Amino acid sequence: MCGIVGAVSTRDIVPILVQGLQRLEYRGYDSCGVAVYSDGLKRARSTDRVAKLLEQVQQESVTGTTGIAHTRWATHGAPAVHNAHPHFSHGPGKDAGGKAGRIAIVHNGIIENHEELRAALQRKGYHFASQTDTEVICHLIDSVYDGDLFEAVKEASSQLHGAYAIAAFCKDEPHRVVGARAGSPLILGVGKEGGENFLASDAMALAGVTDQIVYLEEGDLVDLQLGRYWIVDRSHKPAERQVRTVQAHSGAAELGPYRHYMQKEIFEQPRAVADTLEGVQGITPELFGDGAHRVFKEVDSVLILACGTSYYSGCTAKYWLESIAKIPTQVEIASEYRYRDTVPHPGTLVVTISQSGETADTLAALRHAQSLGMNKTLTVCNVATSAMVRECKLAYITRAGVEIGVASTKAFTTQLAGLFLLTLALAQVKGRLSEEQEAAHLKAMRHLPAALAAVLALEPQVISWAEDFANKEHALFLGRGLHYPIALEGALKLKEITYIHAEAYAAGELKHGPLALVTDEMPVVTVAPNDALLEKLKSNMQEVRARGGVLYVLADADSRIESSDGIHVIRMPEHYGPLSPLLHVVPLQLLAYHTACARGTDVDKPRNLAKSVTVE
Ligand code: M6R
């Protein structure tokens, strides 16, 4: 999703700004731009890749010591150059004279009251050159500017409703950038040379530039100048914020022998799960933070809030929490929960799941639950410094490493590992986990990296399935019980990166409607581990075959399902009991990946999607 980089320096900062954008490219964008102070405001914008923007700034000699840059994921207004950021103020009045071109701004997020602000600014004579809500902020700052950009941003922000992060500079104060954070992430990078300072929406943008990072808090305003910075909190009082040394993850951006980040990340899963479980010697609530034992003792139910793939890991965890820990569990799509009338229960452990820890809907759902008095909160999250971790009492940090591919893979399996640990810890506190059971589960968890590696070795067989899928336009995924969410995740992966329409059903639902879709043109992927529901699933498979549907079955080694006419079987190396979902999802990730390669889609940056969805 949108990305911000800003800098105040004594050297030409355009290369740093553009490299910062390149590091944020993985988040997804449809236009980009950079603006600098150079005897006035100068900018370059493009609807092409950041590499093209770099050529453009070189051709047009865009250089400067103060500047801001942006990758935009369109919300208000089409992906077009005139809507790309940075935006400049130009008014009041249409002429280029007077106050024209004074303020430059980039913005992540959404301004909810942009229409009324736009109307008020138009009445004052401001002329709009784009359809964006961002340009409204730019003119608003201009309209209240009286020689002090910090004061102007402070005043303008008090009129904004919505979630945003902004960075602005003014041609009349050439060595100053002002930022504001309300609902979208923004960090400050303390420079290492010449008193320079930086702003960014993600520390990754500053990898190799500075590792001295300040995470701005909700409502913070920051004033960046040469050799100094100044932060005020939401009530405009001076605020001290800790400077942390953050190891930037530039190394993760190397593709190595892989064609795409998604492929690399699929193959990193044995390592990612091993890292996530590293240091787990035994099951103890303290794995989730200080005070977890007391919280776990008090809770009698679990409410899971998440979006997308993280929601499906929550759906899987529900089966574990109810069957192993015997705790009633509800899983809600965060964007639904945040607006739904619910009956709050103070004995509920609210669990958010998020790779990024910045997903706007999940954060809003968490805050909504807190506002209803549910303050026992825990997150399973891949980014230790994220808002999600900061705002939850307890946390389990997965150690997937940076995930660049928009389609989430290693984040999912590491979330499952963290959620299985949570299940065991809750079961233990509730007296529902014997020492023998704990030892058996731990043994299985320690073997997971090797088991995942064995599944990855099935890739050649999955490639032959992908050849069949490449020319299909629809696919059905079936699973039962613990593997129904895995079917859902398999379908999501396929649609995200291949654009094939895919739907997943609990296999027992087939005869209640979707069976009508089945023809020999509809491949039906069936997740068929050798568990208590296998015989039921085999009947569902017969229902498909009887209608000419072609089955692609992920069967366990010992499940006695054979390949035959219209039935393609890939045999999983071993049956893995309750942890089986972590293994069965891997061939589905590979299926989506290889089908996308065969169709020639942009695997790591699928159309219309962003990595981290920081707007509603
Ligand atoms: O960062 P989060 O885990 O909160 O993100 C949630 C979803 O946006 C994310 O899982 C999305 O569905 C992925 N693109 C799925 O591959």
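Cβ atoms here come from the backbone N, Cα and C positions, even for glycine.
Predicted automatically and left uncurated, TrEMBL annotations should be read as such.
Cβ neighbours of C2 (active site, nucleophile) (same chain, under 8 Å, six or more residues apart in sequence): R27, Y29, H70, T71, R72, W73, H85, H107, N108, G109, S201, T614, V615. Marked as active site, nucleophile by TrEMBL: C2.
Confidence annotation: the domain 'Glutamine amidotransferase type-2' (2-227) carries a mean pLDDT of 90 in the model. TrEMBL lists 2-227 with the feature domain 'Glutamine amidotransferase type-2'.
In terms of DSSP secondary structure, the domain 'SIS' (292-432) contains 64 helix, 27 strand, 50 coil. Taken from TrEMBL, the feature domain 'SIS' covers 292-432 (among others).
What TrEMBL lists as domain 'SIS' is 465-606 (among others).
Under the heading active site, for Fru-6P isomerization activity, TrEMBL lists K611. Within 10 Å of the C-beta of K611 (active site, for Fru-6P isomerization activity) we count 24 further C-beta atoms, all protein chains included.
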In three-state DSSP terms, the structure that C2 (active site, nucleophile) belongs to: coil
DSSP-derived class (H/G/I helix, E/B strand, else coil) of K611 (active site, for Fru-6P isomerization activity): coil
Secondary structure tally of the domain 'SIS' (465-606) (DSSP, helix then strand then coil): 69 helix, 32 strand, 41 coil
